[in-house]
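According to TrEMBL, the protein carries these features:
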| type | residues | note |
| --- | --- | --- |
| DOMAIN | 1-404 | domain 'Major facilitator superfamily (MFS) profile' |
| TRANSMEM | 12-30 | transmembrane segment |
| TRANSMEM | 42-61 | transmembrane segment |
| TRANSMEM | 73-93 | transmembrane segment |
| TRANSMEM | 99-125 | transmembrane segment |
| TRANSMEM | 137-159 | transmembrane segment |
| TRANSMEM | 171-190 | transmembrane segment |
| TRANSMEM | 236-254 | transmembrane segment |
| TRANSMEM | 260-279 | transmembrane segment |
| TRANSMEM | 291-309 | transmembrane segment |
| TRANSMEM | 315-334 | transmembrane segment |
| TRANSMEM | 355-376 | transmembrane segment |
| TRANSMEM | 382-403 | transmembrane segment |
Amino acid sequence: MASVVGTSIEWYDFILYSVASGLIFPALYFHASDPFVATINAYAVFAVGFFARPIGALLFGHFGDRAGRKKTLIASLLFMGIGTFAVAFVPGYDSVGAWGAVTLTVLRFLQGVGVGGEWAGSVLVSMEWAKKGNRGLAASWPQVGVPIGLLLANLVFVIVDSLTGPAFMDWGWRIPFLSSIVLVGLGFYFRRTVEETPVFVKAAEEQRLARRPVWEAVRRNPKEILVIAFLRMAEMSFYQIATVFVFTFGTVIAGYSRGFLLTALMLSAVVCGVAIPLFGALSDRIGRKRVFVTGVALSGIFAPLYISMLGSGSAPLAFLAILVALVPFAMSYASEAVLIAESFSPEVRYSGASVGYQLSSIVAGGPTPLITALLFKWDHSGYAVAGYAVLGAVISLIAVSFLKDPRTGRQSCA
């Protein structure tokens with residue numbers, strides 16, 4: 001629970017801001033004569049959070065390998081939680097002019113720094129308490145935070161929208177950001193009760209802790225860090241299409257109601273949440289890379305089919321496409337956690353996993369909303385956006401070919 005809450009907040013915020021960037025922030029914070037320009041500005045601020053993540057990875061990675069997983073995980077949660085919660089209080093352009101957008105940017109940066117240290121800590125707390133034969137399953141549990149965050153964010157938006165009606169665009173949208181403090185409180189409570197992982201305690205007792213863990217991780221594992229940065233291209237590009245772009249394409253081109261799309265997406269989140277630990281357990285049986293590669297390949301194959309099914313004019317086909325879209329994502333996302341973490345030895349694991357994982361935020365995460373928005377403006381069929389997901393899958397497949405499967409190759413874990 002201590003691990004799942006953090007990633008749930010991360011993706012709860014991701015969905016909140018993604019939806020708000022398209023519906024609310026352009027008009028509220030970015031006054032531009034062209035609505036498309038205002039939307040691009042909103043997505044640019046969204047990208048700031050991703051560019052801040054490597055900074056958080058460097059900061060929290062150092063302390064995670066020096067002071068311990070538990071303390072660092074609590075600190076990253078507070079950074080992330082405050083950055084998300086405070087968005088609810090940012091005044092609009094009509095009240096403070098451009099300062100509203102500036103404040104929003106600062107908060108996105110703060111939230112990004114917190115997220116930069118969150119993922120590795122969550123995975124390590126789960127994985128380093130597990131037996132070797134169950135580490136794939138254990139490391140996959142923090143990944144369940146993705147569908148939980150997706151489900152909660154969309155559910156809260158639906159409820160608040162129905163309760164506030166026309167006032168949703170004025171002040172109702174702030175309620176979902178305010179409610180994030182509940183998740184932060186739960187996360188803080190559970191993380192205070194967690195004991196330090198036995199792997200870190202053993203490394204500390206044997207005086208194997210690195211004095212400069214980030215530098216040591218870069219010196220020892222430069223290839224792994226670089227490979228991991230590109231490993232997540234498929235995951236991040238396809239997830240963007242399946243959870244954010246679906247609303248643009250589904251309403252503008254396919255003509256479906258937002259309620260129809262939200263219902264399908266929330267059910268898809270449930271399917272994904274069930275699938276992730278199953279694929280994590282499967283990685284313990286047949287290998288991390290085999291599960292990861294299968295998921296990436298399926299996401300690349302399914303991307304154009306997904307667009308075709310959404311635009312088919314058949315509501316059942318569109319519903320089915322959304323329902324199963326996150327299954328390939330679940331395969332790759334579940335197995336990548338342990339695949340990444342096991343690529344580093346315990347004394348530099350927090351640093352190495354954090355830096356590699358969050359560098360992908362610059363490579364894939366931050367630019368993706370901007371790229372998909374520009375591609376869709378250029379090609380309303382949606383296939384250009386699908387092509388971007390296919391390209392992401394190809395890059396991920398090339399990247400993973402350079403990474404050994406610790407289960408069958410070199411063992412770097414304790």
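Heads up, the Cβ atoms here are built off N, Cα and C, so glycines get one too.
Where the annotation comes from TrEMBL, it is an automatic prediction and has not been curated.
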The transmembrane segment (260-279) and the transmembrane segment (382-403) contact flag, 3+ Cβ pairs under 8 angstroms: no
Confidence summary for the domain 'Major facilitator superfamily (MFS) profile' (1-404), mean pLDDT rounded: 87
Recorded stretches the transmembrane segment (382-403) and the transmembrane segment (236-254) touching, at least 3 CB pairs under 8 Å: yes
Residues of the parent chain within Cβ reach of the transmembrane segment (291-309), under 8 Å, 6 or more residues beyond its termini: 234-235, 238, 241-242, 249, 279, 282-283, 317-318, 320-321, 325, 327-336, 339, 381-383, 385-387, 389-390, 392-394, 396-397, 400
